[in-house]
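Visitor: Got a structure here, written out as structure tokens. Questions coming.
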Amino acid sequence: MPEAKPAAKKAPKGKDAPKGAPPKEAPAEAPKEAPPEDQSPTAEEPTGVFLKKPDSVSVETGKDTVIVAKVNGKELQGPPTIKWFKGKWLELGSKSGARFSFKESHDSASNVYTVELHIGKVVLGDRGDYRLEVKTKDACDSCGFNIDVEAPRQDASGQSLESFKRSGEGKSETAGELDFSGLLKKREVVEEEKKKKKDDDDLGIPPEIWELLKGAKKSEYERIAFQYGITDLRGMLKRLKKAKVEVKKSAAFTKKLDPAYQVDRGNKVKLVVEISDPDLPLKWFKNGQEIKPSSKYVFENVGKKRILTINKCTLADDSAYEAAVKDEKCFTELFVREPPVLIVTPLEDQQVFVGDRVEMMVEVSEEGAQVMWMKDGVELTREESYTARYRFKKDGKRHILIYSDVTLEDRGHYQVMTNGGQCEAELSVEEKQLEVLQDIADLTVKASEQAVFKCEVSDEKVTGKWYKNGIEVRPSKRITISHVGRFHKLVIDDVRPEDEGDYTFVPDGYALSLSAKLNFLEIKVEYVPQQEPPKIHLDCSGKTSENSIVVVAGNKLRMDVAITGEPPPVATWLKGDEVFSATEGRTRIEKRGDTSSFVIESAERADEGHYTIKVTNPVGEDVASIFLRVVDVPDPPEAVRVTSVGEDWAILVWEPPKYDGGQPVTGYLLERKKKGSQRWMKLNFEVFTELTYESTKMIEGILYEMRVFAVNAIGVSQPSMNTKPFMPIAPTSEPLHLVVEDVTDTTTTLKWRPPNRIGAGGIDGYLVEYCLEGSDEWVPANTEPVERCGFTVKNLPTGARILFRVVGVNIAGRSEPATLAQPVTIREIAEPPKIRLPRHLRQTYIRKVGEALNLVIPFQGKPRPQVVWTKGGAPVDTSRVNVRTSDFDTVFFVRQAARSDSGEYELKVQIENMQDTATIRIRVVEKAGPPMNVMVKEVWGTNALVEWQPPKDDGNSEVTGYLVQKADKRTMEWFNVYERNRHTSCTVPELIIGNEYYFRVFTENICGLSDSPGVSKNTARILKTGITLKPFEYQEHDFRMAPKFLTPLIDRVVVAGYTAALNCAVRGHPKPKVSWMKNQMEIREDPKFLMTNYQGVLTLNIRRPSPFDAGTYTCRAVNELGEALAECKLEVRVPQ
């Protein structure tokens, strides 16, 4: 990976500039009028945690680069969070691609974190500004850097090598002579290209103009280019971009503002700058306007530090700031971040009528927060609200969407979204339907009396008009039109014959009319004798034999009874058998002329009963009975309850009211609401006549309450008691992939997967049922639900064919069953035995004496196989070996292993005439015994030869070596001489002259060193100087021999272009002279061939062979005693 070099686009500023940087490579400082094009906001106020900030780099296209930074862990409490950004906000991570990789390391000794950004195979798109952010709970810092990507440069050295070729027309690269003249010509061309490139880079612009451009503002580049005749503006700008910026040390600032700051709205932030002279005046600017001290902006002077504190930051404070000392300035940018806006009170479902006013309100956690309203996925904007029928309203934290006159087009799914959450609700709009609760009745009125037409409708807001014979009635002195609540009245005083006719009330906006007839009663005066018995003139609307009057509870009743008689009779009223004589109060008697009236101001149920009027005079008496029936709205329905629920539905049942109000109940109205809400939603607009209702379109997992109203001809009852809160929960879907896992003579094991849909009610478990083929009776296999997705059904009849099914159970009930497609025959399926020998038991199993032997060997087979363990053909010793066998495995256990337990064990698993066997080799080892017969065989100089014999007992394990120790006879302190000596002898060197030594040897095997050593029976005495050793007389051995090839050459077939090697080995003394031949021609100093001789191993390397190199190769070895030859054939094939 190439080393990243500093970029020419941007240079570090302030204290981040590298020390000792040559001033010539840094052009003039960037214009002061423009703040640095940096960067992105930091997370909080920077605290300066960087020991080494990342450097800006310039990289060639296609190469790799590494950006390194170091963070001081002493300034942080806990491990930091490292983030890399490109530009302002684009975070680099795992999704950025395989070319980007990140590395973090921590040096615990110095508490320094090292972070690295690796970019592989840089492309032009990687060019730009980057930012590194370090953040912990209480500290934050960030710094920016730049990566510039250049086009790849031409490699002049590569051109030189390319020109360094051999002359000749041969195909071989080794053929011909080197062409140095071509190389010299190429060098001249290269020098010319370099000179031309340098001229192109300068663009023919004098150096003084470059210096002028480097110190000028960007806005003046075009003017300078025009003045000095520069036409290639693009090349000029590219050259200026690559020029390094000269770092001028600030005379006024010792520490400038950080590139950017970030703060949450409502919090405060501090901008800190440090100046070189505390007496220098400093001014603060915001977007070029000077800032004056106030409660919003607080200036602080702490030594050389100058601090600007901005309190209660708002979005208006998101600006560019600068600090100026005389002519020097430093810039920064403040980013104000909106806190997440949470929804405190969500929208609620509403159900309204056409023309109603609708207010949909949501409350958020912040005042002045921005919210987005959406209807059916389409945003509702304030600009469209001027032409639409809705408008927005803000009241502190509450945001309200208002429809003054809602229509059917306004119904739909509404959603409110903030940067911290969202909520949604449904607006249902229905056509308004008007109900007539009391119709107007025909009237028969005498002259000069009052006629009252009265009707009651369901909507208090409905207005209407009165018509007489199709002509609108206007109010006058005699005619009064009133509208109070749901009641509309037309009152005609002093009725005249011309008032007779058909009167109609027409509600505004509805195709509905109420009609009644006014009959004028003429009074004819006839001659009456002076003596006349009393007579009651009673006219009631009842059609039964008994006079009856019906009145609505709460209305006023006036029973006017006309009486005649001479002399005038006396009227007496009775309710039942009780005489009623009160003339004041709610119920009273009024007398007026020849009329006796019984008045009830507000009729009640208790007023219902038989009333009798008795009139008497001296001539006689008359009696009439009236039955007064008071009708009212019914009582609320009773026993309202939810009997069952589903995923989004519930079944509601109730009992009729005890009292129907004197009129039959025509139906019921139903409402529901979410628990905790105060807004009820109507479920039906037409009266519902049944006593069971299915409510739909509910949300699973939400608690609801419901209530019922009873309706009769008089009106609507009070609401019933609310149902207990209930939650729509559906059973799960059916379990999936029901299969049979195992079958025996009496059992069947089933397994399945959980349902696709579980829902808010979760799943309590599963019930398994089975049914004999041909039967419809399903028998439960388990009474309690099982949680796991598997179950074994036991005690089944052998040979029967049985169907199985599984259902999921939760609080909502049973799911649809998952049933096997085919019945299962209850009969065990034979399976051949198979031993699954573990991998570690396929080789010799070694344990130490005293350790436990615990072998678990699984097997398979049906029915349950018979397992037999043998050792050497005989059953195992049950006094030492414990064997436990289950349906699936067998366990071989020895509590304390002994060497007698070693050997080959055979495991046999058999089912009837089928069997499988496995052999397990066990070796129990222990420490070996001491070596035998340790002796000092020979002593010469300061060396001693020690020999011994292997131990009698090797511990049932191979001896891995011997530990040899020595001890001075005077001190008897033992020191190691050799460890893991493989042979049964060793030479002990460097013994001290004049001392006498003992030697001892330990045996080592897999268990370690032997408990006791073998000690030498004699000692080695190192004689002092002056004593000569008479050497033994012996005849020197003649090692001379003629050359002989120990390993011959082998015929080879190689591929053209790939290096080949021919190998052989020769032996001889004196050392033979070796030569190689090709086709009986000796190979001389040819660079294509490389010949080596390493301790008798001879190698001929052929570099990139071609078909020309094929042939017979011979190796010849010659010394004074003779010569030897070895040859082979080499075939070179050209790939197709």
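Glycine residues also receive a Cβ, built from the backbone N, Cα and C atoms like all the rest.
Since the structure is predicted, the reported quantities are computational estimates derived from the model, not experimental observations.
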Visitor: Looking at 156-176, 660-680, which one does TrEMBL call region 'Disordered'?
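Guide: Per TrEMBL, the stretch marked region 'Disordered' is 156-176.
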Visitor: How many helix, strand and coil residues does the domain 'Fibronectin type-III' (636-732) contain under DSSP?
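Guide: Secondary-structure breakdown of the domain 'Fibronectin type-III' (636-732): 0 helix, 42 strand, 55 coil.
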Visitor: Quick one: DSSP breakdown of the domain 'Ig-like' (340-428) into helix, strand and coil?
Guide: 7 helix, 48 strand, 34 coil
Visitor: Taking DSSP states H, G and I as helix and E and B as strand, how many residues of the domain 'Ig-like' (534-624) are helix, strand and coil?
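Guide: Within the domain 'Ig-like' (534-624) the tally stands at 3 helix, 54 strand, 34 coil.
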